[in-house]
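**Q** Pulled these from Swiss-Prot:
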| type | residues | note |
| --- | --- | --- |
| BINDING | HIS18, ASP170, ALA171, LYS172, LYS235, PHE236, ASP244, ARG250, LYS251, ALA267, LYS271 | ATP binding site |
| BINDING | ASP20 | Mg(2+) binding site |
| BINDING | GLU46 | K(+) binding site |
| BINDING | GLU59, GLN103, ASP244, LYS275 | L-methionine binding site |
| REGION | 103-113 | region 'Flexible loop' |
Amino acid sequence: MRDKGEYLFTSESVSEGHPDKVADRISDTVLDAFLKADPYARVACETLVTTNRVVLAGETRGPASVTPELLENLTREAIKDIGYDQEGFSWKNADVAIHLHAQSADIAVGVDSTGNKDEGAGDQGIMFGYACRETPALMPAPIYYSHEILRRLTELRKSGSTEGKLLEPDAKSQVTLRYVDGRPVGATSVVVSTQHGEAASQDELRRIVTGVIGQVLPDGWMPPEQEIYVNPTGKFVIGGPDGDAGLTGRKIIVDTYGGAAPHGGGAFSGKDPTKVDRSAAYVARYLAKNVVAAELADRVTLQISYAIGVSHPLSVYVDLHGTGHDVDEVKLEKTLRELVNLSPRGIREHLRLNRPIYVPTSAYGHFGRTPDMALDNFTWEQTDIAAALRSAFNR
């Protein structure tokens with residue numbers, strides 16, 4: 001984003017009940033089931049959801065205790081937790097078809113460590129990390145507030161309150177912010193479309209949604225009343241997988257930085273941490289966030305690249321966007337590689353990724369989340385190397 005002048009920037013989010021997010025949730029549910037049984041299981045699970053039908057497909061390598069029957073039960077529990085018990089999509093009677101097979105031996109031989117050969121990357125690719133000072137979470141403000149609006153609406157829906165009972169699981173948000181010299185100063189428009197029951201009126205929904213927006217946005221940031229769009233097309237009763245088919249991995253911009261930073265193209269959900277699409281994107285965020293937390297720069301974009309079967313990154317690139325505080329970017333790249341082993345194994349061990357921690361990542365963004373110390377999740381959001389970075393640059 002530009003550092004000078006005035007401009008508008010927009011990001012969107014979708015709720016856990018959006019069809020694509022239902023698919024992401026189920027794929028990560030399968031992943032967590034395998035990692036719970038075997039921390040070194042291999043999983044690449046894709047999910048399709050549509051009217052009363054769920055299809056799982058992909059490749060796995062793990063213990064026989066993870067049976068199709070177990071995965072079907074976990075799939076139904078995930079759908080129930082999201083809140084779907086509707087005629088067109090219900091946890092009780094949706095058809096669940098499971099088509100998972102063994103991981104390709106050709107892929108496994110490139111990834112597995114043998115003898116003196118360290119574990120290789122599960123595929124080639126480029127991954128990006130980003131951090132900035134726009135929010136306390138060091139995330140871009142438009143995506144941060146888009147997520148928060150939907151998270152609050154979901155909390156309300158699941159609260160059992162009178163207002164919450166009017167809401168159904170499928171929802172989307174979109175926040176447009178005005179920037180002055182690279183800093184957000186207020187919202188110019190907010191769009192929220194939320195699925196609802198037949199009994200809900202548009203006036204009631206508007207009151208509920210506007211109240212949540214007011215709770216989420218900073219003081220003085222509310223857009224004009226006429227620029228708050230709630231269910232702009234009117235009725236939104238039929239939603240979720242009954243309204244639109246959903247697929248794993250179709251919300252990669254929602255999952256990351258809302259378009260404020262580049263994206264390498266790889267999705268996250270359903271992939272075990274040997275897949276650098278996921279693990280390297282996590283460590284890239286971790287490194288970028290620690291640079292900003294160390295006050296070495298106000299905005300950081302970081303790129304890492306890998307080749308399948310190769311244990312070290314082919315490149316590490318850091319861009320401080322002119323916001324560095326007397327920091328040499330080449331030295332910073334070298335320092336980051338010294339502080340964190342960026343091999344696939346090194347990333348997994350540093351961030352403790354071989355655990356069943358992925359279901360919570362499947363909605364409301366993989367980044368900008370608050371780590372739960374009891375669960376030891378979202379470890380890539382910790383800023384535990386910021387002090388070492390400051391020391392390396394004599395701060």
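Indices start at 1 and increase along the chain as displayed.
Cβ coordinates are placed from backbone N, Cα and C, and glycine is handled just like the others.
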**Q** Among the binding-site residues GLU46, GLU59, which residue has its Cβ surrounded by the fewest other Cβ atoms within 10 Å?
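**A** Counting other Cβ atoms within 10 Å of each of the binding-site residues GLU46, GLU59, the minimum falls on GLU59.
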**Q** Of all the binding-site residues given, namely ALA171, ASP244, LYS271, which is spatially nearest to GLU59 (L-methionine binding site) at the Cα level?
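**A** Result: the closest of the binding-site residues to GLU59 (L-methionine binding site) is LYS271.
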**Q** Distance check, please: Cα of the residue listed as 'K(+) binding site' against Cα of LYS271 (ATP binding site), rounded to an integer number of angstrom.
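**A** Rounded to the nearest whole number, the Cα-Cα distance is 9 Å.
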**Q** Sort the binding-site residues ASP20, GLN103, LYS275 by C-alpha distance from ALA171 (ATP binding site) and give me just the closest.
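**A** Result: the closest of the binding-site residues to ALA171 (ATP binding site) is ASP20.
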**Q** Using DSSP and three states only, what is LYS271 (ATP binding site)?
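**A** In the DSSP reduction, LYS271 (ATP binding site) maps to strand.
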**Q** Within 10 Å of each Cβ, count the other Cβ atoms, then let me know which of the binding-site residues HIS18, LYS235, LYS251, LYS271, LYS275 comes out lowest.
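**A** So among HIS18, LYS235, LYS251, LYS271, LYS275, the binding-site residues given, the one with the fewest Cβ atoms within 10 Å is LYS235.
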**Q** Suppose we draw a 10 Å sphere around the Cβ of ALA171 (ATP binding site). How many other Cβ atoms does it contain, all chains included?
**A** 28
**Q** If you count other Cβ atoms within 10 Å of each one's Cβ, which of the binding-site residues ASP20, ASP244 has the most?
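**A** In terms of Cβ crowding, the pick is ASP20.
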**Q** Spatially speaking, which of the binding-site residues ASP20, GLN103, LYS275 is closest to ASP244 (ATP binding site)? Use C-alpha to C-alpha, please.
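**A** Comparing Cα positions, the candidate nearest ASP244 (ATP binding site) turns out to be ASP20.
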**Q** Cα-Cα, whole number of Å: GLN103 (L-methionine binding site) versus ASP20 (Mg(2+) binding site)?
**A** 24
**Q** Does DSSP put GLU59 (L-methionine binding site) in a helix, in a strand, or in coil?
**A** strand
**Q** Determine the C-alpha span of the ATP site listed in the record, that is the greatest distance between any two of HIS18, ASP170, ALA171, LYS172, LYS235, PHE236, ASP244, ARG250, LYS251, ALA267, LYS271, in Å to the nearest whole number.
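**A** Max Cα-Cα spread across the ATP binders: 36 Å.
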**Q** Over all shown protein chains, what is the count of other CB atoms within 10 A of the CB belonging to GLN103 (L-methionine binding site)?
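**A** Within a 10 Å radius of the Cβ of GLN103 (L-methionine binding site) lie 21 other Cβ atoms.
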**Q** Would you give the longest CA-CA distance, in whole angstrom, between residues of GLU59, GLN103, ASP244, LYS275, the set recorded as binding L-methionine?
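**A** Those residues reach a largest Cα separation of 30 Å.
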